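**Q** Dropping a structure here in structure tokens format, bear with me for questions.
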Amino acid sequence: MLKYLGRSLKMGKDEGEAKEYEPLLKDFKEPVQQIKSVQSFINQTWTDRYSTEISHEMLTLFWSIIVSIFTIGGLVGASVGGTLAIRFGRKGTLLFNNCFAILAALLMGLSSPSGAFELIIIGRFLIGVNAGIAICAQPLYIGEIAPRALRGAMAMGTSVFITGGILTGQVIGLKELLGKEEYWPILLSTTCIPAVLQLLTLPWFPESPRYLLIDRGDDAGCQKALIWFHGQEKYHGEREDMEKERVSAVGVKPKKPWELFSDRSVHWQLLTLLVIHTSQQLNGINAIYFYADYVFTQAGIPEDKIPYATVGTGACECITALTCGLLIESLGRKALIIGGYSLMGEASPWVPYLSMVCVFAFILSFGLGPGGVTNILTTELFTQTDRPAAYMIGGSINWTSFFLIGMIFPFIVTGLKQYCFLVFLVICCLVATFIFFVVPETKNKTFLEIQSNFHSRKKLFAANGTDGPLLTTAM
């Protein structure tokens with residue numbers, strides 16, 4: 001989401017300096033005040049080193065790298081997150097992962113006083129690695145420690161805190177707080193705050209009981225963790241579910257991603273994983289954030305007030321994530337994710353002058369379903385030995401799709417203009433249809449029961465002359 005980087009780098013208002021960078025802005029289609037401070041720093045550093053101003057092409061290249069390197073880091077993190085979660089445990093991986101965030105904050109904060117813009121690039125890559133690992137390990141941990149009846153609501157914590165973090169970044173990036181030109185190194189360094197808080201609090205929590213029992217065979221550790229999480233009186237039911245899953249996993253080692261592709265028993269789950277993670281990025285939500293400033297401008301909002309309207313979009317997504325957490329155990333996963341995609345299709349802002357309400361409706365629809373339910377489904381569709389590999393695959397798909405939409409969306413806009421959202425309308429409708437016919441409801445079911453539901457679908461397709469979806473490692 002380049003919009004968030006732009007907001008976090010939005011500094012001063014010097015009009016003369018703004019005009020200097022107007023040609024560059026045509027490449028990024030972002031308001032000048034969002035990026036000019038870091039670009040000014042790069043230009044000044046280049047001049048100090050080589051006694052000449054940086055060329056337009058080179059400045060464009062460095063800014064493109066700063067923007068896109070985050071997604072590359074995220075892809076790297078997602079690719080190793082599942083392996084780390086198996087080797088060091090869910091809790092251990094989360095604790096270790098904070099090192100990337102703290103180091104990234106340190107490098108980005110020192111970039112200005114040291115006169116090295118390369119530190120921003122390295123820091124952005126490291127914070128991307130941190131995000132990629134976290135999006136694997138954190139839902140794994142929450143999904144495995146949650147009671148079955150509250151699994152959906154607790155797993156929504158991932159989306160609630162992601163959207164809360166986005167909103168916090170938008171707020172502290174305003175000019176009244178850390179949005180002034182001289183504060184941008186401090187603003188970039190605030191990424192260390194959540195890491196420090198986690199290092200201070202997470203050590204007091206036990207490791208995932210399911211990981212201790214099934215992956216490590218640590219009965220005593222599992223018992224202690226279950227009592228800590230569920231209490232002396234209520235842990236027996238959770239232990240019983242784990243024992244059944246442990247029996248089914250006897251002699252089975254945690255799978256690698258390529259081994260999961262070769263396992264025909266989970267082909268339906270893999271197809272679902274592919275669809276929901278690809279569509280989470282290609283459904284138009286990132287395009288909405290790219291498009292929002294233009295919509296707000298067309299709606300007559302003054303340019304200096306647009307940052308506050310953008311804060312409103314972050315608040316919308318945060319509120320709907322909380323709402324989804326309250327509704328998910330009563331309405332179920334399937335109803336929310338289908339309803340979310342259906343409403344997103346209806347809310348696509350085709351006509352710029354009438355689309356400000358549609359922008360907020362689109363964001364509300366995304367947060368109500370796809371934004372929160374996707375990670376929960378990834379946890380629930382797979383059993384213990386398959387789950388880390390599934391998160392590695394899903395995370396890699398997600399970050400790759402994120403990168404692709406950032407690359408191709410400007411071309412879609414150029415070709416279709418305001419009708420570009422017709423593409424996302426088609427995607428949303430197709431995904432909603434797929435989930436309606438293929439994905440079973442997972443609310444209040446054990447992981448083995450969910451797996452059994454998918455096996456029943458496989459048998460149904462086999463009876464009709466097909467063996468389900470055909471997936472290969474070349475997918």
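Cβ coordinates come from backbone N, Cα and C, glycine included.
Those TrEMBL annotations? Automatic predictions, nothing curated.
Since we're looking at a predicted model, the values are computed, not measured.
Just lifted these from TrEMBL, have a look:
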DOMAIN    1-443  domain 'Major facilitator superfamily (MFS) profile'
TRANSMEM  61-86  transmembrane segment
TRANSMEM  93-110  transmembrane segment
TRANSMEM  116-137  transmembrane segment
TRANSMEM  149-172  transmembrane segment
TRANSMEM  184-205  transmembrane segment
TRANSMEM  350-369  transmembrane segment
TRANSMEM  389-412  transmembrane segment
TRANSMEM  419-439  transmembrane segment
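How buried are these features, and what lies next to them?
**A** For the transmembrane segment (116-137), the residues of the chain that approach it from at least six positions outside its boundaries are 38, 41-42, 45, 62, 65-66, 69-82, 84-85, 90, 93-94, 97-98, 100-101, 103-108, 110, 158, 188, 191, 195, 375, 388, 391-392, 395, 398-399, judged by C-beta separation under 8 angstroms.
Long-range Cβ contacts of the transmembrane segment (149-172) within its own chain (Cβ-Cβ under 8 Å, at least 6 residues beyond either end) map to 1, 4, 7-8, 135, 138-139, 142-143, 178-179, 187, 190, 194, 307, 310-311, 314-315, 317-318, 321-322, 324-326, 328-329, 333, 367, 371-373, 375-376, 379-380, 443-444.
Same-chain neighbours of the transmembrane segment (184-205): 8-9, 11, 37-38, 41, 91, 94-95, 98, 101-102, 104-106, 108-113, 120, 123, 127, 130, 165, 169, 172-173, 178, 228, counting only residues six or more beyond its ends whose CB sits under 8 Å from a CB of the stretch.
Long-range contacts of the transmembrane segment (389-412) within the same chain: residues 1-2, 29, 67-68, 71-72, 74-75, 77-83, 85, 132, 135-136, 139-140, 254-257, 259-260, 269-270, 273-274, 276-278, 280-282, 286-287, 290, 378, 381-382, 420, 423, each at least 6 residues beyond the stretch ends and with a Cβ under 8 Å from a Cβ of the stretch.
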